[in-house]
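Engineer: Structure below; questions to follow.
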Amino acid sequence: MEQTVKKKFGIRDIMTIAAMMVINFAIAMIIGMVTLPFPVVYLYGSAGIDAFIGAIFYLVAANRVNKHGLLFAWAAVYGVIQGVMGYMFLIPYFLIVALVAELCMVGKNTYQSAVRNRIGWMVNSIGNFVGCAVPLWWSWDSYQEMAANSGFDANTLNMQLSMVTSPALMLLGVVITAVLAILGTLFGQRLLRKHFQKAGIVG
Amino acid sequence: MMAVSKSRRIDRIDGRTVLFLTLCACLVTFLTTSFLGHGIFTLWICLILCWFGLFRQAIGCFSIYMVALVWLLIEMKYKISVPSPLLLSMVYKLLLPAMPAYLLAKIPSGKLTASLRRMPISTHIMLVLIVMLRFAPTVLHEFGEVREAMKIRGFLKSVGNVLRHPMDTLEYAIVPMVFRSLKIADELAASAIVRGIESPYKKESYYVSRIAVLDCVLIVVSVGAAVCCCLL
């Protein structure tokens with residue numbers, strides 16, 4: 001069996017990662033737009049739904065590239081995109097998430113191990129969910145002003161505030177995200193076996 | 001003649017300037033608290049797009065922006081919630097950074113790579129970002145093709161059918177998307193390797209990458225406009 005190698009990324013690996021990430025982000029944006037009118041789903045479920053669908057693209061990239069640093073690059077690029085979109089203070093946060101997620105993948109052949117991929121992806125997804133709360137923790141007052149100018153109604157704002165200030169509700173969101181991330185990796189593994197491994201495009 | 005003039009204008013701008021404009025647009029979207037400030041900066045970006053010959057896109061974006069903004073103001077005044085104010089807010093806020101990002105995507109990839117190579121970014125991260133930028137329209141096109149194929153084969157015949165078999169629908173949509181995207185990624189990789197992207201030596205570009213007077217004017221005016229719009 002091929003082992004997870006410590007070699008640098010080749011151009012084919014970079015293209016594979018970029019292709020999978022683009023589809024993932026495009027779908028995440030659609031999910032964001034669809035769930036936005038339903039505040040409860042948007043707050044507690046959108047990160048989980050992203051994790052569920054994104055798991056398929058991550059698993060294809062992981063099994064195809066099979067090199068350390070992939071999950072770090074995935075989370076770091078996500079952080080850079082958030083930074084370019086104005087949330088500069090999220091870049092260090094996502095670099096930490098990227099580092100923690102990558103640490104979950106330490107070892108040989110981990111990017112082709114279903115269990116390790118499940119753990120790594122779950123950590124990354126939980127990081128994304130908690131990342132939604134960081135702007136609110138960072139500066140609630142300015143966020144409130146910005147939200148009021150953006151058409152957020154009082155109910156949505158209260159719901160957001162109670163979510164980020166209540167550990168129990170944050171935990172609920174984390175559990176929802178983790179469960180959906182795990183289900184996503186199970187579904188992704190099924191697709192890998194059924195289609196991609198048979199076609200010989202992943203290891 | 002007109003087409004030559006348009007392409008020359010886009011060729012004259014440095015990739016870093018457009019990236020800076022995108023960053024300014026993102027910061028204005030994030031920091032501005034008044035609709036007026038946001039609207040003025042959007043108008044400025046629209047004028048830049050028009051100057052580069054992208055009239056249709058600029059007018060289209062600005063029309064959608066105005067409809068979303070006016071509708072949102074009406075909803076806020078009369079306490080209406082259909083369509084969701086959050087959705088309208090997302091549309092008008094995302095359109096501003098999307099416009100300079102579109103201009104960024106219009107710059108030839110060789111020129112963009114040459115410009116970004118001068119920035120202190122890891123080559124791998126830079127390549128991922130450039131490829132993502134190039135790949136986005138391709139993915140949208142491919143998604144449309146897959147959707148058409150699914151329609152023809154009857155997988156999208158009704159909403160009820162999709163809701164009854166959500167996992168099957170997801171599978172039928174995602175698997176061909178991934179196959180097609182990986183094929184394109186492999187072709188792009190082969191093309192880049194043939195052009196020497198993996199060569200360890202210092203790379204030169206066909207395009208001259210330098211910040212010229214036009215870039216300086218755009219940067220200075222945009223920074224000034226961004227600061228004024230945020231203070232409004």
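Including glycine, each Cβ sits where the backbone N, Cα and C put it.
These numbers come from a predicted model, not from an experiment.
Below are the features listed in TrEMBL for this protein:
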type	residues	note
TRANSMEM	A:14-35	transmembrane segment
TRANSMEM	A:41-61	transmembrane segment
TRANSMEM	A:68-84	transmembrane segment
TRANSMEM	A:90-107	transmembrane segment
TRANSMEM	A:119-140	transmembrane segment
TRANSMEM	A:168-188	transmembrane segment
Engineer: What parts of the chain pack near the transmembrane segment (A:119-140), using Cβ distances under 8 Å and only residues at least 6 beyond its ends?
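Structural biologist: Apart from its flanks, the transmembrane segment (A:119-140) reaches 43, 47-48, 50-51, 54-55, 58-59, 71, 74-75, 78, 82, 87, 89-90, 93-94, 97-98, 100-102, 104-105, 110, 160-161, 163-164, 170, 173-174, 177-178, 180-182, 184-185.
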Engineer: Which of A:41-61, A:68-84, A:168-188 shares the most C-beta pairs under 8 angstroms with the transmembrane segment (A:14-35)?
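Structural biologist: When the Cβ pairs under 8 Å are tallied, A:41-61 comes out ahead.
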Engineer: Grab the same-chain neighbours of the transmembrane segment (A:68-84) for me: Cβ-Cβ under 8 Å, and only residues 6 or more beyond its ends, written as numbers and ranges.
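Structural biologist: Those are 4-6, 9, 13, 17, 21, 25, 58, 61-62, 90-91, 93-95, 97-99, 101-102, 104-106, 110-111, 120-121, 124, 127-128, 131, in sequence order.
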